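Features reported for this protein in Swiss-Prot:
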type	residues	note
BINDING	Ile36, Asp85, Lys145, Lys180, Ile209	NADP(+) binding site
ACT_SITE	Ser162	active site, proton donor
ACT_SITE	Lys180	active site, lowers pKa of active site Tyr
CROSSLNK	Lys188	ubiquitin cross-link
Amino acid sequence: MNTANTLDGKFVTEGSWRPDLFKGKVAFVTGGAGTICRVQTEALVLLGCKAAIVGRDQERTEQAAKGISQLAKDKDAVLAIANVDVRNFEQVENAVKKTVEKFGKIDFVIAGAAGNFVCDFANLSPNAFKSVVDIDLLGSFNTAKACLKELKKSKGSILFVSATFHYYGVPFQGHVGAAKAGIDALAKNLAVELGPLGIRSNCIAPGAIDNTEGLKRLAGKKYKEKALAKIPLQRLGSTRDIAESTVYIFSPAASYVTGTVLVVDGGMWHLGTYFGHELYPEALIKSMTSKL
């Protein structure tokens, strides 16, 4: 595990948030073993929250939960729930039951399970497109739906993990752009429908976050240097940037914030991302020509 992507006690002692901010709260996190969702969970746990880490891969899920639990005063504050496919509602529903049995309730939900790869439209199979949409969009729906009963009781908050790929045309990312556009729409709809119940619904849209799985998968070797020219703040994001924004959304400071997409990208999307540009347009032309 790259320690540059993890948090420690300095997040509390040198940060913006008091140590007991989320004392007595419980978070349900899908995709919690991934880099982004893990650091989100670490932040919540460091501030007193208990958490259920939900994932498909048993080893990764259990390792993530074990690592995060070391940050908590209560070493029994993190529950690993593995072998859960968010595309299967019954499996997510069962994970919710296990969480409530362990911790008694759910206050916060992070719907962060996601799938992505680099592929142009000509080579994107219907099954591959469906797979990403099902994991990202259907998985987010299933997560929110399965947690609804508990969120009604706690007047809790949902945070969907989105992106900015659907704000403009991004080559090789049509599948994830379509899925994330749906997530944004779902989050806004839930803000309207669940608001009267006291439930808040928001999205977080990370940009180019350094040392993450997503950046390594989507970016070429020369990406970092060239990408900076497309980021107004002239730096790549850090996992701590995501952690801070997540804490804000769940904190009382955002108690009147719902139906919002919080973009954490240094302003990058306003200039157009550099994702895929190393292959554009030559790779697309070659691909399209080969299909004729």
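Glycine residues also receive a Cβ, built from the backbone N, Cα and C atoms like all the rest.
Here the features listed in Swiss-Prot are painted onto the structure.
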residue	record	Cβ contacts under 8 Å, 6 or more apart
Asp85	NADP(+) binding site	Arg56, Gln91
Lys145	NADP(+) binding site	Phe89
Ser162	active site, proton donor	Lys180, Ile183, Asp184, Ala187, Cys203, Ile204, Ala205, Val261
Lys188	ubiquitin cross-link	Ser201, Gly259
Ile209	NADP(+) binding site	Thr35, Ile36, Leu215, Leu236, Gly237, Ser238, Thr239, Asp241, Ile242
Quick tally, other C-beta within 10 angstroms, Ile36, Lys180; top of the binding-site residues is Lys180
In whole Å, the longest Cα-Cα distance within the recorded NADP(+) binders Ile36, Asp85, Lys145, Lys180, Ile209 is 29
